[in-house]
Amino acid sequence: MNRYPAWKYILILLIVAFGFLYAAPNLYAPDPAVQVSGASSALQIDERTLKSAEQALSDAGIEFKGGELGENSALIRLNDIEDQLPAKRAIQAAMRDDYVVALNLASTTPEWLSNLGAQRMTLGLDLAGGVHFLMEVDTADVVGKNLETLAADLRAKLRAGKARYRSVKVEDNAIVARFRTEELASTARSIIRKEYTELTIVEPAGGNQLEVRAQLLDQEVKRLEDYAINQNLTTLRNRVNELGVAEPIVLRQGRNRIVVELPGVQDTAAAKRVIGKTANLEFRLEAAQDALVSNKEYFEYRDEQQQQMMGGAWLEKKVIINGDRVSGARVGYDENGRPQINIDLDATGGNFMHRSTWKNVGRRMGVLFIESKTRTVETTNEQGETVLTPERYEEKKVISLATIQSALGRQFRITGVEAAEAQETALLLRAGALAAPMYFVEERVIGPSLGADNIKVGVDSVKIGLIAVLIFMLIFYKVFGIAANIALAVNLVLLVGVMSLFGATLTLPGIAGIVLTVGMAVDANVLIFSRIKEELRNGLPPQSAINSGFDRAFTTILDANITTLIVAVILFSIGSGPVKGFAVTLSIGILTSMFTAIMGTRAIVNMIYGGRHVKKLWI
Amino acid sequence: MSNETENNYENTPALDYNDYNGRRVYHFMKWRNIARLISAVLLVGSIVSLAVNGLQFGLDFTGGTQVEVEYETPPSIGEIRSQLEGAGYKGAVVVLFGSDKDILIKLPPEVAEEQAQTRAREGTSSIGDEVVEVLKSHTAEEIELRRVEMVGPQVGEELRDDGGLGMLFALGVVMFYVAIRFQFKFSVGAVAALAHDVIIVLGFFSFFKLDFDLTVLAAILAVVGYSLNDTIVVSDRIRENFRKVRKATSEEIIDISLSETLGRTLMTSITTMLVLLALFVFGGELIHNFSTALMVGVGVGTYSSIYVAASILLAMDISKEDLMPPVKEGAELDDMP
């Protein structure tokens, strides 16, 4: 009695080994490191880059462990976390502004472990330090603007369709057109039905037949919102990359919010500036041959190949419109299947564009891409020391120069481009501006020292809580206490292993969840052991008492844990950030503890008592 | 499951209420009226306190701005307040946070609102940096910015709604699960016990004017989980004994069940309390209220699983017929109001 078949032991051993394997990377403290990558993706990072960065460190007298080349970036491991900032400065000064130098942590996990997909748990901002922003995208603004453009378009269509209107206005999220006669109104209705699939006609208030009220379909509103948010996400990602943060997070949250998390960043003001910057596209006419120098400017092409082939372009100083006016840019195909870039402007942008292009057909128009960048300048301060100060500047380069075929309006296209080029240019055209204004609705900054303190207090409470429970269980349940304690320790390892495997983020409330799990995980064992004690008291022989104790406690444990799991899942779905971390650890802890407390403890107890003649249980 | 144990019970010759199968039976239910009184007092007290004081919602729920800074030597709170006042931060609340060098500055909601209204594109400077600048201009000491939290009022409001809804939803789902797994009367008992615990923890926070933030909400939901765990273990035993023990009144059966599970209830409460104590003492200021909520909750939860859930079962006249498995159980469910 009370013997497990060999396969059960093997299964348990496999699961435990698996837990240890995936928890193991957390034992390898990462090296502080600096990461060098190109300011633009075109820049190749190679041996030479690495060599010059290492040279810069040697010159500055900073010791380092070694460098390695990654996917288009170079990583140099340092000995001391204190060296990180000086190292960043030294490399940045030496490499100048074509490269972005970011602080990073380099994994020290042995290769064979990483090959198995084992990684350290990522630390939440409250443990790692850094900045968290929650931004709200004003999607109503996008929908409103879209209605305005549709209304302008509708006026033209109504005129063309001989449906003379008194007024066409945007009121309460709807386009309202008013007419003098019912016939005109009904002509307008049929025009709207035919021409605008995205609009739906609603009954006007009070049944006024002289009024036509059209609203955007729900799915159209959703499409516009999604477009705006995805656009803003792309723009934000581009901007965040400029900050040189090692592992930034830019994610949509809920319907109209975007979370930006920048681990390791302390300068919030700078981060806010970069995230919030805007307007970096300009449309200008190509300067005429005989234009005065004071009226024209020379720009290089952004694409190096183009630059070599055509050697830059002279554009007029006058800006037709800037990126703010661009509401969309997509790659499309003409009737012959050749790629083209379809560009949408807002109403005002369309007017300006029309005014500037109708008398300039045949000339070329250039699109400038403007990047706001930071360069480090060496200056000498009063003490005669050379200091490096960051300086912001704008870089303007041509991304497109094409002949105007006819007067351009709100919608136009750029033809004669290669498919790949079209993709890239469309992306750049979009990247210029935010599709919708954004507001900071939440901002959290955690200093690095607070992060380190949080880790320390978290680890301390886990240790102390664990030791207290271990001692307590040993005193109360003796031999069975040992079994429960081993199970508890294994549970902790499994919990960490599963969290690492799933790439869960560890937060301070998450650590609190681990602590709580330690306290509650023994519950299953307590239930089983009390049951065994009871069965002994009922006069059952030791072996049957063990068996019956485990059996009878099982359903109770199951019920109790499932309900707790339900609560944890609800907590996960309503919680945000750190609280989610708590729910995650709690849920995983419940599952792993059920395994260790039921199967793990049973295996150990079976090994100790199973298949022997036992007179007395040490419980 | 072995049948020998079942037979054992059947052969038990006579039932001595004070000594059931060699175990001392505590007459818990004899005291149920006193327990009801205690619960009633605690509940009424909590509700009155909640009505009068309300909850002191933390930043997560109200929106607002908090800046935590660390001085090298303990500064004077009054001076900091007047320094901030002088710089135009009206109505700033300055308190110690954890140690006498750690200062937490709470700025009124208008500051956050103003910040939230600023369009992201205008790229304002950071409130945390501004505050540190003000404080630095008055001292030669190095002041470290530990933490800045700015939450827009609309975010806070949403969280409060979501939190409340989540809590109700959790109670609903649990009630449903218990009704299916056990019986309707049990689910009333379980939910009553949960509501009891949640209200008392809320009352505790209201009475002592502790900050109620997102971590405390998480703690309360964990309390729901914990208290439920306890209640289910007890209910499970009550159900078992109703089917097994003959010739005993409902009250006696409940007393026997509670006595049998008492050891386990206490053991689990103690181990949980041990780790919570570790968290409370060593876990740092940020999760102080979190561990407080859990400790109060675990304490109340332990009590409620004994007195609230069980005494409600008695009040609802739980009987053997309610628990005869399994066809009967299904029929019962259909009658659910």
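Glycine is no exception: its Cβ is also placed from the backbone N, Cα and C atoms.
The annotation domain 'SecD export protein N-terminal TM' is assigned in TrEMBL to A:1-103. Mean pLDDT across the domain 'SecD export protein N-terminal TM' (A:1-103) comes to 83 in this model.
Annotation source TrEMBL lists domain 'Protein translocase subunit SecDF P1' at A:229-286.
Annotated domain 'SecDF P1 head subdomain' per TrEMBL: A:306-436, in sequence order.
The domain 'Protein export membrane protein SecD/SecF C-terminal' annotation in TrEMBL covers A:442-607.
Here TrEMBL flags A:462-480 (among others) as transmembrane segment.
TrEMBL lists A:487-505 (among others) with the feature transmembrane segment.
Here TrEMBL flags A:553-575 (among others) as transmembrane segment.
Residues or ranges marked as transmembrane segment by TrEMBL: A:581-605 (among others).
Same-chain residues lying 6+ beyond the ends of the transmembrane segment (A:487-505) with a Cβ under 8 Å from its Cβ atoms: 15-16, 18-23, 25-26, 117-124, 462, 466, 469-470, 473, 514, 517-518, 521-522, 525, 581, 584-585, 588-589, 591-593, 595-597, 600-601, 604. Same-chain residues lying 6+ beyond the ends of the transmembrane segment (A:462-480) with a Cβ under 8 Å from its Cβ atoms: 488-489, 492, 511, 514-515, 518-519, 522, 525, 529, 532, 601, 605, 608, 617-619. Long-range contacts of the transmembrane segment (A:581-605) within the same chain, counting only residues at least 6 positions beyond its ends with a Cβ under 8 Å from a Cβ of the stretch, are 2, 4, 8-9, 12, 15-16, 19, 124, 480, 482-484, 486-488, 490-491, 494-495, 498-499, 504-514, 516-517, 520-525, 528, 546, 550, 554, 557-558, 561, 564-565, 568-569, 571-572, 575. With helix defined as DSSP H, G or I and strand as E or B, the domain 'SecD export protein N-terminal TM' (A:1-103) counts 53 helix, 25 strand, 25 coil.
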